[in-house]
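According to Swiss-Prot, the protein carries these features:
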type	residues	note
BINDING	134-197	ATP binding site
BINDING	Gln277, Glu289	Mn(2+) 1 binding site
BINDING	Gln277, Glu289	Mg(2+) 1 binding site
BINDING	Glu289, Asn291	Mn(2+) 2 binding site
BINDING	Glu289, Asn291	Mg(2+) 2 binding site
DOMAIN	107-319	domain 'ATP-grasp'
Amino acid sequence: MKILMVGSGAREHAIAKALNKTADVYTYMGRKNPGLARISKNYTVNDESNFNEIIKFAQENNVELAFIGPEAPLEMGIVDELEKEGIHSVGPTKSAAQIETNKAFMRKLFEDYDIPGSIKYGTFYDLDEAYEFIDNFDEPVVVKPIGLTGGKGVKIVGDQLADNDEAKEYVKEIFHQKMGGFEGVVIEELLLGEEYTIQAFVDGTHLIPMPAAQDHPHAFVGNKGPITGGMGSYSDKNHLLPFLTQEDYDKSVEIMEKTIKAIAKEQEPYKGILYGQFMLCKDGPKVIEYNARFGDPESMNVLSVIDDDLAKISKQIVDGTLDSVNFLNKSSVCKYVVPDKYPNTHVADTVVDVDEDKINELGAQVFYAAVYQDMDDSIKLTSSRALGVLAVKDSIKEAEKICEEAIKYVKGEVYHRNDVATEELLNEKIKHMEEVRL
């Protein structure tokens with residue numbers, strides 16, 4: 001089978017690697033990702049928003065279906081355009097992708113269809129009304145731009161914001177900058193608990209969940225600093241998490257199933273990957289937000305333990321015949337290596353040296369993200385996350401240890417969170433959840 005891969009990050013590298021076990025991958029990427037280039041039967045480097053070029057590349061290589069990695073092309077309607085040319089995609093249409101690309105749409109969907117896991121919130125297109133909501137709410141809030149911001153637009157009182165007065169200042173900034181493409185904002189209650197992710201394959205009707213994972217979005221050790229796209233993640237061999245019970249997992253999946261039914265009624269059938277970001281609270285799972293594609297880094301966790309044919313699954317998704325998917329009973333840990341002082345880095349265009357042979361000898365893998373391969377084949381940093389180092393073992397503890405050893409073979413002006421998935425941090429999360437449940 002010939003499959004078109006759209007995207008140029010570590011998520012796409014992980015997807016392509018899984019597809020490549022049984023299919024030929026043809027990659028359309030915005031910059032030359034060395035891992036993707038190596039895997040691909042053919043590739044081109046071009047603007048990921050140029051749909052005419054994407055379609056031309058797909059047709060020249062006679063691909064049978066497409067797998068869309070990032071959210072931006074989904075928001076712009078790449079799936080709709082490919083469908084017009086007879087190329088089916090693993091990825092939702094523009095209207096169905098609103099579950100991620102429009103936070104106001106997502107919250108209203110929960111309200112209209114009485115989906116469990118909803119929270120107190122308000123959507124505002126008037127600045128004074130937003131201020132009034134915050135003043136009357138009288139509790140710490142979370143402020144979100146309505147549209148896409150690359151995972152970096154959410155700010156929380158008690159974290160990035162000192163108090164609700166600062167929240168109002170941030171609301172003003174969102175309005176004036178039209179952050180996320182909207183002159184509007186979603187304001188939500190601040191939830192207390194532990195965040196986690198469940199991703200699922202969806203064929204329009206059937207939803208098959210993957211192992212749960214937990215991301216670490218804060219830039220610095222100890223869950224400090226600004227929110228990033230994710231500094232690392234882990235999954236456990238029982239497909240749960242140390243603080244997440246089977247009942248919690250099942251309730252989360254039920255919420256996702258009700259969501260895809262609601263999307264089908266409101267817009268059209270949802271096909272592709274659905275990523276649910278949840279908060280486990282005292283009274284059960286609550287939905288923080290959805291993504292219309294694999295998470296980054298969580299894609300690396302689940303795709304590294306999939307014990308099935310991703311190309312076959314992709315075909316079943318577009319055909320509406322999704323059946324079952326098998327996963328190994330293994331634990332995984334992924335840690336992101338990023339430029340020094342990320343996300344406010346000044347070391348872009350410097351060389352990062354990656355000894356993949358040594359990393360592979362240790363039993364770890366590398367997934368390249370926002371790096372580019374220069375004319376002399378050197379790998380250079382950009383201002384974003386550089387690469388994910390992932391290990392799969394029988395326990396989180398073993399996988400974390402391998403990850404740390406492997407990262408020693410990445411040299412350059414780089415940094416990583418060495419506390420991701422450590423026993424100490426996991427125990428903190430277990431203790432925190434026990435306190436929340438009291």
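Note that Cβ sites are derived from N, Cα and C of the backbone, with glycine treated the same way.
Recorded features from Swiss-Prot, shown on the structure.
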residue	record	Cβ contacts under 8 Å, 6 or more apart
Ile134	ATP binding site	Val141, Asn164, Ala167, Lys168, Val171, Ile187
Val142	ATP binding site	Val154, Lys155, Ile156, Val157, Ile187, Glu188, Glu189, Leu190, Leu191
Gly150	ATP binding site	Gly229
Gly158	ATP binding site	Pro140, Leu190
Glu166	ATP binding site	Val157
Ile174	ATP binding site	Val143, Pro145, Gly153, Gly180, Gly184, Val185
Phe182	ATP binding site	Ala104, Tyr125, Pro145, Ile146, Gly147
Gln277	Mn(2+) 1 binding site	Glu195, Tyr196, Thr197, Val287, Ile288, Glu289, Tyr290, Asn291
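The average per-residue pLDDT of the prediction over the domain 'ATP-grasp' (107-319) is 97, rounded to a whole number.
Annotation note: Ile134 (ATP binding site) sits in a helical segment as assigned by DSSP. It is Asn291 that, of the binding-site residues Leu190, Glu289, Asn291, has its Cβ surrounded by the most other Cβ atoms within 10 Å. Secondary structure from DSSP puts Glu289 (Mn(2+) 1 binding site) in a beta strand.
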